[in-house]
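Undergrad: According to TrEMBL, the protein has these features:
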COILED    442-576  coiled coil
DOMAIN    617-674  domain 'HTH luxR-type'
REPEAT    203-236  repeat 'TPR'
REPEAT    243-276  repeat 'TPR'
REPEAT    283-316  repeat 'TPR'
SIGNAL    1-20  signal peptide
TRANSMEM  483-502  transmembrane segment
Amino acid sequence: MKLRLLITLLILAFAFNLVAQQTDIGNLEDKYDQTEDLDIKIKLMKELIQLYRNSGSFQGTYLFNDFTNKHLQELNPTQKAKTALIEAGFRYGRNEYATTLDRTYYARRLLSQDSAKYVHELFEIYNLSGLAKSELGEYDSADYYQNKSLILANKLDSDEYRKLTYVGLGTNYWYKSDYRAANEAYFNALDYSKLVGDSIAIAYINQYIGIMYEKLGEYSKAMANYQVTLKVYESKKLKNRLPNIYTNIGVLYQKVGDYEASLENNNRAFEIFKQWGDSLRMATSLLNIGAVNIDKGDYGKALKALLQAYEFQKDRQGNNGLQITLANIGLAYERLFKPIEAKKYYLEGLEVAKKFEDKREIIRGYHRMAGLLREEGKYGEALEFGLQSLELSEELNVKEALSTTNYILFTIYRAMQRFQLALEHYEVHVEIEKELYNESSKNELNNLRAKYEYNLQKKELENNKKEIEDLGKENAQLETRQVILLVVFLILLFLITLLIIYNRSRVKRVRLERDLSQERAENTELGKRHLTHEIEIKEIKLKAYTEQLIQKNEMIAEFKDKVDEYKERLSRANENELSGSAIRVEGRSGSSLSWDEFRLRFDEVHTGYTQRLVSKHPDLTSNEIDVSVLLKVNLSYKDISSVLGVSYEGVKKSIQRLYKKLDFENVDLLRAYLIKI
C-alpha cells in the first residue's frame, strides 16, 4: 500500500512538474509576443531557448531566426552583442567551433567600450571561447579563457558561473588526456550544480565523470555515473539528451566485450534520431554500430552500417564526423584483408580531418596509414606518416597520442632493423604508459590486448569463410523473396478489390437498415407519447374524483353532526324520524359505492398495483390495503379519514400499525416505499 502511494505521489509530482514547465514556457511566450522592448525581447528569447533545450524541443532555432529576420537592422551595438552570443551558443551546439569564436569575438568587440558594465556577457564570451578552443585543440588558449571565466565567476560570487567554468576546465583536461585532472574539475562542477539545485546539470556532469572513469579503465564507476544520468534523463523525458547517454553506455559495453548490450543501446539512440528525422545523428549512431560490429568481428554488418552513415554525411556541410566514419570504413576493409580499399578510405578521412583542422583525428589518421603501410612492407612511407604524427602529438602534448605514436615508430624502426631508434621510441612509449597507468594495469592491459588480438584473428578467419557462404545463400533468398512479394502483392490487390465491393454493398444495406430503424423508432415514440397522454388524463380524473369523494364524505359527516345537534332539541318521535332520514342519506351516499368506483379508477391508472402489494405483503388486511392505496396517491391523514369514513385518530393508529408491520420507522418512509411499488 505504501509503495503504491509513493508511486502515485511520484507520478503526480512529475505531472505537476511537466505542467509547471509548460506553463513557464507559455507565460514567457506570451510576454515575448506582447513586448515591443527589444532588450526585454532578447532576454526573454534567451530564457525561452534554454527552456526549449531542456524540454527536448528544437523550437529555439526557429525563434532565433525569426527574431533576427525581423529586428536585426533595429538593434543597437549592445543588443547585437547579446544576439551574437545567443548565436554563438547555437553554433557551438552544431560543432561549428570556428564560427563560435567569430561570434564571441564580434560580441566582445561591440562591448569593449563599456566592458565593466557587461560582466555577465563577458563571462559568457570567455566561457564559450574556452569551450570552442578546446574543441579546436588549442588547449593553452582554452585554459586562458576558462581561468578568465573563473575570475569573473568569483567576482560575481555566482555558483552557476563556477559550475559552467569547471565544466569547461574539465573538458579541456579531458582533451589533453589528463583524465584525473578532468574528473577533479568535473567533481567541482558537480558540487556547484548541487548548490544551485540544477538536476539536469547534475545529470550531464555525472555523464562526463563516467566518461573519464571509462578512459581510466574504471568501468564499474563509469557505469554507476552513467546510470545516475540515465535515471534523470528518463524521469524528465529529456529525449534530446537520452541518445547521448545511450551512446555512452553502448561504448562502455563495447569496451567490456558485451557487444549485444552495446548494440542494444546504440540502436535505442538510433531509433530516437530516426523519429526526429535527424540524418546526421542517425549517422553518428550508425558509426557506433559499425564500430561495435568491427570489434565483434562482423565486418559485413559493420560495413553496411558505416556505408549508410557515409551516405548521410558526405554531402552535408560542416564538421559532422565524416572523417571518423571514413576511418572506420577503412578499418573494416583492412580487417577484411582489402588494403587497397582500406588505404582509399583512410586517406579520404585524413583529408576531411585536415579540412576541418581536427588535429586529434589527423593524428589517428597518421597512425592508421603508418600501420597499414608497415604491414605492406612500405617502411619509408610508413615512417613518413609516423613522424608527422609525432610532430603533431608533441604540438598538442596529448599523452595517449604520444604513447601510440612512439609505439608505432618503434615497430617501424624495428622492422627496418634500426634498433637504436626503435629502442629510444619504445622507452618513451613505456615512460608515458607509466604516467597513464600503474604497472599492474599495464600488464593486465597487455594480456587483454594479446587475448583480444588472438580471438580477433580467429574470428576473422571464421567470419570470412562464413561470409562467403552467406553471400550465396542471401542471393538465393533474395530471389525467393521477390517472387513471394509479387504473389503477396497480387493477393492483396485482389483482396482489396473484394473489400471495396463488399464495403459498397454494406454501406447501402446499412443505410436501408438505418432508415427502417429510424421509422420504427418514430412509430414507437408516437405510441409512447399516446400512452403517456392517456395515463396523464386518467391521473387527472382520479385526482378530481378523489377530491369529489372527499368533499362528499365531508358534507355527509357535517350533515350527521347537524342531525346529532338537532336531536337534542326535538321530541322523541321527531328524533326517530330524523335518525331514520340520516341513515337513509348515509346509505344512499355511503362510501361503499363511492369507494368501489375510486378503486376502479385507481386500477386504471396504477395497473396491477394492488396485486404487486399483496404479492410482496400477503399478510395485509383489507383495511391496510385500502390505507396503502390512499397513501400511494399521497392523501393526508384528514383526507384518508374522510374517504374511509373513519376518525382522524383511527386513521393515525391504522397507519402507525401499518408502517411498524412493514418495518419502517415513520410514515414518510412508508409513503415513499408505497409510491415506488
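Just so it is clear, glycine is given a Cβ too, placed from its N, Cα and C backbone atoms.
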Undergrad: Using DSSP, how many residues in the domain 'HTH luxR-type' (617-674) fall into helix, strand and coil?
TA: 41 helix, 0 strand, 17 coil
Undergrad: Could you tell me the mean pLDDT over the repeat 'TPR' (203-236), as a whole number?
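TA: A mean pLDDT of 93 is what the predicted model shows over the repeat 'TPR' (203-236).
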Undergrad: Let me spell it out: take the repeat 'TPR' (283-316), skip the flanking residues so only those 6+ beyond its ends count, and list any with a Cβ under 8 Å from a Cβ in it.
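TA: Apart from its flanks, the repeat 'TPR' (283-316) reaches 243, 247, 250-251, 254, 259, 262-263, 266-267, 269-270, 273, 322, 324-326, 328-329, 331-333, 335-336, 456, 459-460, 462-463, 467, 470.
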